[in-house]
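Worksheet: the structure to be examined is printed underneath.
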Amino acid sequence: MNVTSLFSFTSPAVKRLLGWKQGDEEEKWAEKAVDALVKKLKKKKGAMEELEKALSCPGQPSNCVTIPRSLDGRLQVSHRKGLPHVIYCRVWRWPDLQSHHELKPLECCEFPFGSKQKEVCINPYHYKRVESPVLPPVLVPRHSEYNPQHSLLAQFRNLGQNEPHMPLNATFPDSFQQPNSHPFPHSPNSSYPNSPGGSSSTYPHSPTSSDPGSPFQMPADTPPPAYLPPEDPMAQDGSQPMDTNMMAPPLPAEISRGDVQAVAYEEPKHWCSIVYYELNNRVGEAFHASSTSVLVDGFTDPSNNKNRFCLGLLSNVNRNSTIENTRRHIGKGVHLYYVGGEVYAECLSDSSIFVQSRNCNYHHGFHPTTVCKIPSGCSLKIFNNQEFAQLLAQSVNHGFETVYELTKMCTIRMSFVKGWGAEYHRQDVTSTPCWIEIHLHGPLQWLDKVLTQMGSPHNPISSVS
């Protein structure tokens, strides 16, 4: 049955446009979304014809089809608010679209959503879906002068407990700056301290580091750079096209290709696991994320939805009144999504969430243990596979311990409602009533394979390893 026959009371224009609707999108909601669009486009000469041309001839060039941009950039359709280009890309191209982070405008688009013009283009064929970048393999030297001092990945869940600093605090978007160009050094001559032409844009390392060749070392009292608020909080992912050929550093002259082992990144079955804590007590079983879009909320879900981790279902006999009250305020919680090799956290709760992500802190030039406050309605990129890949590729030439340090980057901590750090009376995440720990399986497994190739005290690197 043609989808247009389902709507006997809609206008001919709406019926025509619904003919190109993708089948999985909700029928009634799609009808209302298209009807709202038709009313706007009828006020513009030729706009309807241009949209129909784009939908009927997807491979042919088409012009922008624009509607006025609202104050908050969103469009309301039947009690649901969303970004207009996401709504219509979902209706006509990708029913499984979750977020604007999954879309990039084509170069031909004159009014892309991120440009903050008075008009925004909703032509679904002026956007493309973000693809996961292919990460180059890490080249691990077969011979090493380093003497590994650690065993392989132990219980990484406790890695951050001995940090000597009380975490600093930052608030999104106020404390964040929009990177002017590439978010980190991007040329062979501008990399890290202790390398030729090292840049000052570094990842400050814990002062307890004893490795003089560490690419992350920086005095503990070095102040962070001045921060400027970003131009557009909605587009605050700072993403730039990255030349993946630049990510693996050139091999030293004395090492030939035959002296290295290539270790490739592999996408795991579950991209992350999430563990819930109340104070310093783990509560319930770990949640393993198979979907790239996961909700962690304070409700109960008897249907056992694989895309939701419902904290309301979990019981704890040691729960006190502070924890009970905090749990009541988690509400819609946080939306985590993994797209294009990047992890985003969107705060759906009416209360803020607080995130400690070393990868995010590295990207923004913060101290590694900084805790970032994400207010309600905001989203922040909390992990980038490409940046992690570059750090890993550079770390293998600094020895086992430097690579092992990166395990800390693969665990993200997130507190609901209550913050912790220098600006709060709670100094550690284990003092917050309700928090989660996110373990990123892909980067962790990649590290594990690299460390295995590098050897351990029980398996020293040799010419026959």
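Backbone N, Cα and C atoms are what each Cβ position is placed from, and that goes for glycine too.
Over in Swiss-Prot, the protein carries these features:
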MOD_RES   Met1  N-acetylmethionine
DOMAIN    12-136  domain 'MH1'
BINDING   Cys64, Cys109, Cys121, His126  Zn(2+) binding site
REGION    162-246  region 'Disordered'
COMPBIAS  179-212  compositional bias 'Low complexity'
COMPBIAS  221-232  compositional bias 'Pro residues'
DOMAIN    271-465  domain 'MH2'
MOD_RES   Thr322  phosphothreonine
REGION    418-428  region 'L3 loop'
MOD_RES   Ser463  phosphoserine
MOD_RES   Ser465  phosphoserine
Under 8 Å by Cβ from Cys64 (Zn(2+) binding site), same chain, sequence gap 6 or more: Cys109, Glu110, Phe111, Glu119, Cys121, Asn123, His126
The region 'L3 loop' (418-428): DSSP-derived helix, strand, coil residue counts: 0 helix, 0 strand, 11 coil
For the binding-site residues Cys109, Cys121, the one whose C-beta sees the most other C-beta atoms within 10 angstroms: Cys121
His126 (Zn(2+) binding site), number of other Cβ atoms within 10 Å: 24
Three-state composition of the domain 'MH1' (12-136), taking helix and strand from DSSP: 50 helix, 18 strand, 57 coil
Predicted model, mean pLDDT over the region 'L3 loop' (418-428): 93
For Thr322 (phosphothreonine), the number of other Cβ atoms found within 10 Å of its own Cβ: 14
Zn(2+) site shell beyond Cys64, Cys109, Cys121, His126, criterion: Cβ within 8 Å of Cβ centroid: Asn63, Val65, Thr66, Pro105, Leu106, Cys108, Glu110, Phe111, Pro112, Ile122, Asn123, Tyr127
Coarse DSSP state, helix versus strand versus coil, of Thr322 (phosphothreonine): helix
